[in-house]
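Engineer: The annotation substrate binding site is assigned in Swiss-Prot to Arg33, Gly34, Asp35, Gln48, Asp49 on the grounds of similarity to another entry. For His54, His71, His76, the entry in Swiss-Prot reads Zn(2+) binding site, with the evidence type similarity to another entry.
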Amino acid sequence: MISKNVRIAKGAVIVGDVTIGDYSSVWYNAVIRGDVDKIIIGNYSNIQDCCVVHCSKGYPTIIGDYVSIGHGAVIHGCRIEDNVLVGMNATILNGAKIGENCIIGANALVTQNKEIPPNSLVLGVPGRVVRELTEEEIKSIKENALRYVKLSETLESYK
């Protein structure tokens, strides 16, 4: 089920068993394919331009509230808790779990079944926790998600 106040940009593709929560947005040319297992996207989250969100049998994709998935990221069969920023072109693979209040840096690769603890900054290939986030950084993740809610008001919705 896609909430009635979700904003979906022209060119985005959403198929299969997909649930998207209130005030979330899906941007230009993003692909969300719940054709093999389910995909759940929480409230106030955004899937930015050219992202791919997919799953594998037995590996649903679960994305929490206040999550920003940056341009070109690939999110596949993993769990992302609340208040997370996934940087541009990052990849998160099957069975990975990202704890709340994390930043996954641009181009980082979170490998299969990797668990990232809450409040972590992850960088590199393969992705490694490099330090704990500051309170200011944690706050900025939610602020970014809320900026996308506001920005999505300029979209015509193509549900």
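Going from the start of the chain as shown, residues are counted 1 onward.
Any Cβ shown, glycine's included, is placed from N, Cα and C.
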Engineer: Counting distance between Cα atoms, which of the binding-site residues His54, His71, His76 is nearest Asp35 (substrate binding site)?
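Structural biologist: Checking each of His54, His71, His76 against Asp35 (substrate binding site), the shortest Cα distance is to His54.
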Engineer: At the Cα level, what's the spacing in Å between Arg33 (substrate binding site) and His54 (Zn(2+) binding site), rounded?
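Structural biologist: The Cα atom of Arg33 (substrate binding site) is 5 Å away from the Cα atom of His54 (Zn(2+) binding site).
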Engineer: Between Gln48 (substrate binding site) and His71 (Zn(2+) binding site), what C-alpha distance do you get in Å?
Structural biologist: 5
Engineer: I'm trying to understand the geometry here, so how far is the Cα atom of His54 (Zn(2+) binding site) from the Cα atom of Gly34 (substrate binding site), in Å to the nearest whole number?
Structural biologist: 6
Engineer: Among Asp35, Asp49, all listed as binding-site residues, which has the most CB atoms within 10 Å of its CB?
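Structural biologist: Counting every other Cβ within 10 Å of each candidate, the maximum falls on Asp49.
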Engineer: Under 8 Å Cβ to Cβ from Gly34 (substrate binding site), same chain, six or more residues apart: give me those in sequence order, or none if nothing qualifies.
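Structural biologist: Residues satisfying the criterion: Val15, Gly16, Asp17, Val18, Cys55, Thr61.
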Engineer: Could you state the CA-to-CA distance between His71 (Zn(2+) binding site) and Asp49 (substrate binding site) to the nearest Å?
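Structural biologist: Pair distance, Cα basis, whole Å: 5 Å.
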